[in-house]
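According to TrEMBL, the domain 'Major facilitator superfamily (MFS) profile' annotation covers 42-483. Sequence annotations record features per position, and here TrEMBL assigns transmembrane segment to 42-69, 108-125, 137-156, 162-185, 197-220, 232-250, 332-352, 372-405, 425-448, 460-479.
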Amino acid sequence: MSVVSDETPIIYSQSHVKNDYSKGTGAVLKPPSGECFGTRHFLAFMAFLGFVNVYCLRVNLSVGLVAMVNDTDTSKNTSDEEACAGPDSGQNTTVKVGEFNWDQNTQGIILGSFFYGYICTQIIGGKMAEIIGGKRMFGFGVLCTAVLTMLTPLAARAGLGYFIALRIVEGIGEGVTFPAMHAMWGQWAPIWERSKLAGFSYAGAQLGTVIAMPICGILADSDFLGGWPSVFYVFGVLGCVWFVAWMLLVHDTPAKHPRISKVERDYIEKSIGVREKMPTPWLAILTSPAVWATSAAHFANNWGFYTMLTCLPTYMKDVLKFDIKSDGFVSALPYLVCWMSMNISCNLADFIRSRGFLSTLNTRRVINSFGLLAPAILMSCIGLVGCNYVVVVVMLTFAVGLGGFCMGGYNVNHLDLAPNFSGTLMGITNMIATIPGFLGPYVVGVLTNNQETRGQWQKVFYISAGVYVAGTVIFVLFARGTEQSWNKPNGGLSFLIGLMIGE
């Protein structure tokens, strides 16, 4: 293995590694003897806390909006047949009147506006992370969102246009986070630990949702810092505190880390392989069926996830008639299950691959299919149970929560295909998968505007189920589990030559 300077910007090729990791066979490099908690695990923990903050900052509006909007309009079309009494019916509850008269269409635009910015910085975020390092891209992405979140009450009261513009800029800042972290794992994650390290860190997003939704409900219903504005102040401050710790304690690569042991550094670098400078093979990436298969699965998973993430509190309030405090707690349940599903699927995927029970490709196919088809079936059946809110909540909880199994499927498949360009690949697929972030809430707004009925919401669930099935089929047919030729030195050139001569 060639000696690499600590300061040289480098990427790697796995051509010298003898393990046929795509089939789960070969001599497996083992972690350092007696190791319990290494530097890469600390990175996973800090990244986990980072994604907790990322999603606290993202979903606070979903709950806060319920308290912000004046919902006393009596013109809504909700027939007796479609109405649900709700678990809190018959109780004396005090309803706060919101400040803003925004209809469902407007609310859908507000909830989706974040993603108009978010989609713009996916590819550039991944590419910049590969060039200058993921640490700064990820850290400043979270800081930008945290600072702007604290300005949300001011922007909302200044006018709807200012509010939407602020949310778009927040999305621009946060758009670099997932690609930047994928680029870091391309430098830090040993082959046989990819799923569990990346999966654990990204699972912070789900736990952030679990934490944020009930706390936002309590804050919005309180008089602390003016009620709903506290939702944005509290989580904005926490994001700034995390940023300071991240910048002080985390480093871009094992070679740059001042406290990593030589044994752990050797283990990581030998597992990843020799790293060399390479240009990005854009044509090979953009014409790869495997990349588009991952994009399709990512799009499908995000359609259901983002639709529920942004609109579930509204469904709980308007259809199931939960009050805002109960709304926050109940809306968080799916993401608690999702957090558990992500960790289970990632550890299961690495176990299956390393033991040779299935190839990497078939492991990804099976786990990803379960993560998409199980939610599709559950969402299709919600309309059959009527107003039995206990059963509906259980079905919604698992419909969203089991989607977490996709973490062991498409979500780490970028690292299988091309760890050299994992940040760029995540940027591409996450850019495509951001479209549901603004399109999903818009569709919900169109279907439910002044028609907040079970029938209209069932249409939302059917659309999500159909997208899930389509994503499953495309991924099963076109996904790959092996390192692609264009990930290696001169691989992109060889691909181009082969394309020109028809091979």
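Every residue number used here counts from 1 along the chain in the order it is shown.
Keep in mind that glycine also has a Cβ here, set from the backbone N, Cα and C atoms.
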### Query
Sequence-remote contacts (6 or more beyond its ends) of the transmembrane segment (332-352), Cβ cut-off under 8 Å?
24, 192-196, 198-200, 202-203, 206-207, 209-214, 308, 312, 358, 363-364, 367, 371, 393, 396-409, 412
### Task
Using a Cβ-Cβ cut-off of under 8 Å, list the residues of the same chain that are 6+ residues beyond the ends of the transmembrane segment (137-156) and lie near it.
47, 50, 53-54, 57-58, 60-61, 68, 99-100, 125, 128-129, 162-163, 165-166, 169-170, 172-177, 179-181, 183-184, 226, 228-229, 232-233, 235-240, 242-243, 246-247, 250
### Query
Hey, does the transmembrane segment (42-69) touch the transmembrane segment (162-185), meaning at least 3 C-beta pairs closer than 8 angstroms, sequence gap 6 or more?
yes
#### Entry: Candidate ranges 42-69, 108-125, 372-405, 425-448, 460-479 - greatest C-beta contact count to the transmembrane segment (232-250) (under 8 angstroms)
42-69
### Query
Over the domain 'Major facilitator superfamily (MFS) profile' (42-483), what is the model's average pLDDT?
85
